[in-house]
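A.B. asks: Feature table excerpt (Swiss-Prot):
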- 1-28: topological domain 'Cytoplasmic' (TOPO_DOM)
- 29-48: transmembrane segment (TRANSMEM)
- 68-88: transmembrane segment (TRANSMEM)
- 89-94: topological domain 'Cytoplasmic' (TOPO_DOM)
- 95-119: transmembrane segment (TRANSMEM)
- N134: N-linked glycosylation site (CARBOHYD)
- 166-194: transmembrane segment (TRANSMEM)
- 195-213: topological domain 'Cytoplasmic' (TOPO_DOM)
- 214-234: transmembrane segment (TRANSMEM)
- 253-277: transmembrane segment (TRANSMEM)
- 278-328: topological domain 'Cytoplasmic' (TOPO_DOM)
- 286-311: region 'Disordered' (REGION)
- 329-350: transmembrane segment (TRANSMEM)
- 371-394: transmembrane segment (TRANSMEM)
- 395-398: topological domain 'Cytoplasmic' (TOPO_DOM)
- 399-422: transmembrane segment (TRANSMEM)
- 450-507: domain 'Kazal-like' (DOMAIN)
- C456-C486: disulfide bond (DISULFID)
- C462-C482: disulfide bond (DISULFID)
- C471-C505: disulfide bond (DISULFID)
- N496: N-linked glycosylation site (CARBOHYD)
- N511: N-linked glycosylation site (CARBOHYD)
- 532-554: transmembrane segment (TRANSMEM)
- 555-563: topological domain 'Cytoplasmic' (TOPO_DOM)
- 564-589: transmembrane segment (TRANSMEM)
- 624-641: transmembrane segment (TRANSMEM)
- 642-687: topological domain 'Cytoplasmic' (TOPO_DOM)
Amino acid sequence: MDHTQQSRKAAEAQPSRSKQTRFCDGFKLFLAALSFSYICKALGGVVMKSSITQIERRFDIPSSISGLIDGGFEIGNLLVIVFVSYFGSKLHRPKLIGIGCFIMGIGSILTALPHFFMGYYKYAKENDIGSLGNSTLTCFINQMTSPTGPSPEIVEKGCEKGLKSHMWIYVLMGNMLRGIGETPIVPLGISYLDDFAKEGHTSMHLGTLHTIAMIGPILGFIMSSVFAKIYVDVGYVDLNSVRITPNDARWVGAWWLSFIVNGLLCITSSIPFFFLPKIPKRSQEERKNSVSLHAPKTDEEKKHMTNLTKQEEQDPSNMTGFLRSLRSILTNEIYVIFLILTLLQVSGFIGSFTYLFKFIEQQFGRTASQANFLLGIITIPTMATAMFLGGYIVKKFKLTSVGIAKFVFFTSSVAYAFQFLYFPLLCENKPFAGLTLTYDGMNPVDSHIDVPLSYCNSDCSCDKNQWEPICGENGVTYISPCLAGCKSFRGDKKPNNTEFYDCSCISNSGNNSAHLGECPRYKCKTNYYFYIILQVTVSFFTAMGSPSLILILMKSVQPELKSLAMGFHSLIIRALGGILAPIYYGAFIDRTCIKWSVTSCGKRGACRLYNSRLFGFSYLGLNLALKTPPLFLYVVLIYFTKRKYKRNDNKTLENGRQFTDEGNPDSVNKNGYYCVPYDEQSNETPL
C-alpha cells in the first residue's frame, strides 16, 4: 500500500519536474540569445565611435556634425523608448526583442550604403593628383595662382559633385534606425531576466551578461583596426595609385565594411527570440508561493500600489495608468537623485568615448588602426573582468542597497582621482610651419594667428588651401611643397619615394630637402604608453561599479514599475546625454582646430590639424566638469537610501518571520517567476 502511494506521488511529481526543466531550459536559451544581442549591440556602438574621424573626412564635415550623426542612435531610441518599456512588458517580450535586433541590423546596413553611391573618394584636387610637379604644388616665382584658393569657375564646377557630401544624412538615418531597433533589448531583456532568474542570482546574471557583452567591443575594435588600414575604395581603384598612408590627415579606411558585418550579425541574432515563449510554464501554486523582489513597502507605498493595481486590472494599457505610474517614479526621491547622477556620469562617458580615438590620433600621433587595436586588446578585457568582479562582489557579500551605493561611490571616486594624471601626459603642438611655427620653422606662434608668408615663399604665390604636407630635414612639417619654397622634386608620388629639393624655407646644416608626408612625433611615444596604463586603470574602476548601477535603479522603485523606471531612465539619459553630449563635445573640439579643409564649394570641411594642447585641455576638462557633481550626489543618495530602509529594519512580516536583509531585495523572489528547484519548494512562503 505504501509502495503504491509512493509510486503514485512519484508519477505526479514527474510532470512538474519535466515542466520545471523546460522552464529552466527556456530561460537559459533566452540568456544565451540576449547575450548574443548584447554582443551585436555593443559591436555596433564601437564601430560607430571608431569610425567618427573617418566619416568626418569622407563626408567633409566638422566634429559637431559627426556628433549629431553619433547622437542619431539615441534620437531613434528616444522616439520609442517609453512606449516600448511600458507597453512592451505586457506584450511578447522575446519577440519584440527579436524584431528590434532585425531592425538594428537593417539600420547598420543602411549606414554603409552611401559609400556605394558617392563615387570615388578624392583626397586632393584632381589637377594635383595628375602631377606632383605642377605649379600648384612646387614653387615657381611670380606664377599666376590665387593664394586663397581656386577660381570661382572651378568652385562652381566642382560644387555640382559636392552635393553628394549631403549623403551623411543617410548615415544619420541609418544610425537612427539602429537606435530604434536597440530600444527593446535593454529594458525588456533585463526585466525578463529579473522576472525568471533563480532567487539571489539576478546580480550574477547581470554581471555575466555585461561581461559576455564585452566580446562585442573587442571584436569591434579589432575589426575597425583591420578595416582602418584598408583604403576606403578597395576593390574599385588601383591601390598603387593611392599616394597617402594611414598616417595622413586625409586617409579614410574601409569604414563601411564594419557596418555591413555588424548588420548581418544583428539580423542573425534576432532569430532565436522568435522561438521563445512569452512566459515560461509554471504552476499557479509556484506563483502563489513566491513574493516580490522588492523590499517590504511602507503602508503608504502599499496603499499607492493597491490603487495602481486596481487601475491596471481595469485597463492595463490605458494612458491614465501610464501617467500615474510615471508620477509614482518621479516622486521617488532616490530614483530622481539616481537619475541626475547617472545623467552626468553617462554624458561624460558618451562624449569622451565618442572622440577618444580622435584624441589619441591628435594627441599622440597614432593612426586610427593603432588606437582601435590597443584599446580593444587591452582596455576592453580589463573592463570585462571589472564588470564580472563587481557583480560577484555584490552577490558574495550580499550588499544592501546602501552597501551598493557606497561601493559604486568608492569605484567612481578612485576613477575620478586617476583622471587628473592625464594632464601631465599631454603633448606639445605639432611643429607645423605656417600653423604653429613661422614658415622658417624657427619661432612658435599662437594658433589663432594667421601666419604671414615669409621671405622664403612670398614670391611663390602659393594656394594656402592646398594640403599636401611634407616633412623637412629640420623636423618641421610644411602644409605643401610650395609653402616650403621647394623648386623641384624627384620620385614616384609615394610618401617614402618622393623627395623635394631646393626648399628655401628649410634650413638644416645646408640640407634643404623634404619628403612627402607629415613628420613623425617621436617625443610623445613614451607618453602614449603611460596613457594606455592610466586608461586601463580608470576603465577598471569605472566598469567595476556599472552592473551595480542597474541594481540601484531596480531596487529604488516598486517591482510593478521596473520596466517603466528603466525606460524613463533610458529616455532621459539618451535625450540629454546620448544626443547632446557628442554635439557639445564636438563643438568644443571644433574650436581647437587650426586648419580646416575646403570643400569643392569653397566652404569649410573637416579639420586637418588641431591645437594639441588646447584639444587636450578642452577634452579632459569637460570630462572632469561632468564627473565632479556626481561624487556629491552619491553622498546624498546614500543618505536617502539609509533613511528609506531604516524604518523597515527588523519588521515582522505577516507570517511571523522577520526580513533581516531588507536592503538586499535581490535575495527575494519576484512574483513566482523564478526557477525554483522542485525539491526546494515547501508549503511555506519563500523569503
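Note that Cβ sites are derived from N, Cα and C of the backbone, with glycine treated the same way.
For the listed features, I'd like the structural context: burial, neighbours, distances.
C.D. replies: Counting only same-chain residues 6+ beyond the ends of the transmembrane segment (29-48), those with a CB under 8 A from a CB of the stretch are 70, 73, 94, 97, 101, 104-105, 108, 111, 175, 178, 182, 185, 189, 192-193, 196, 205, 208-210, 212-217, 219-221, 223-224, 258-259, 262, 265-266, 269-270, 272-273, 276.
Remote same-chain residues near the topological domain 'Cytoplasmic' (89-94) are listed as 30, 33, 184, 188-189, 191-192, 273-274, 276-278, 316-317, 563 (criterion: CB distance under 8 Å, separation of at least six residues from the stretch ends).
Under 8 Å from some Cβ of the transmembrane segment (253-277) lie the Cβ atoms of residues 26, 29-30, 32-33, 36-37, 39-41, 43-44, 47, 50-51, 54-55, 58, 94-95, 97-102, 104-109, 111-112, 115, 174, 181, 220, 223-224, 227-232, 234, 246, 368-369, all in the same chain and six or more residues away from its ends.
On the 0 to 100 pLDDT scale, the model's mean across the topological domain 'Cytoplasmic' (278-328) is 55.
Same-chain neighbours of the transmembrane segment (399-422): 295, 345, 390, 393, 531, 534, 537-538, 541-542, 544-545, 548-549, 551-552, 555-556, 616, 620, 623-624, 627-628, 630-631, 634-635, 637-638, 641-642, 645, 661-665, counting only residues six or more beyond its ends whose CB sits under 8 Å from a CB of the stretch.
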A.B. asks: With DSSP helix as H/G/I and strand as E/B, how many residues of the topological domain 'Cytoplasmic' (395-398) fall in helix, strand and coil?
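C.D. replies: Across the topological domain 'Cytoplasmic' (395-398), the residues distribute as 2 helix, 0 strand, 2 coil.
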A.B. asks: Specify the nearest of the disulfide-bonded residues C462, C471, C482, C505 to C456 (disulfide bond), where nearness means the distance between Cα atoms.
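C.D. replies: It is C505, whose Cα lies nearest.
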A.B. asks: What is the interatomic distance between the Cα atoms of C486 (disulfide bond) and C505 (disulfide bond), given in whole Å?
C.D. replies: 8
A.B. asks: What are the DSSP helix, strand and coil residue counts for the topological domain 'Cytoplasmic' (555-563)?
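C.D. replies: Tallied per class, the topological domain 'Cytoplasmic' (555-563) gives 6 helix, 0 strand, 3 coil.
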A.B. asks: Fewest other CB within 10 angstroms, which one of the disulfide-bonded residues C456, C482, C486?
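C.D. replies: Taking C456, C482, C486 as the disulfide-bonded residues, the minimal 10 Å Cβ count falls on C456.
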A.B. asks: Quick test of the contact rule: Cβ under 8 Å, at least six residues beyond the ends. What residues does that give for the transmembrane segment (95-119)?
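C.D. replies: Counting only partners 6 or more residues beyond its ends, the transmembrane segment (95-119) has Cβ contacts under 8 Å with 33-34, 37, 40-41, 44, 47-48, 58-59, 76, 84, 88, 161, 164, 167-168, 170-171, 173-185, 188-189, 232, 255-257, 259-260, 262-274, 276, 278.
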A.B. asks: So if I exclude everything within five residues of the ends of the transmembrane segment (564-589), which remaining residues of that chain have a CB under 8 angstroms from its CBs? That is, six or more out.
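C.D. replies: Residues 62-68, 70-71, 73-75, 77-78, 81-82, 84-86, 179, 186-187, 190-191, 322, 325-326, 329, 335, 338-339, 342-343, 346-348, 350-352, 354-355, 358, 553-554, 556-557, 610, 615, 618-619, 622 contact the transmembrane segment (564-589) from elsewhere in the chain.
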A.B. asks: What whole-number Å value do you get for the CA-CA distance of C462 (disulfide bond) and C471 (disulfide bond)?
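C.D. replies: It is 18 Å, counting Cα to Cα.
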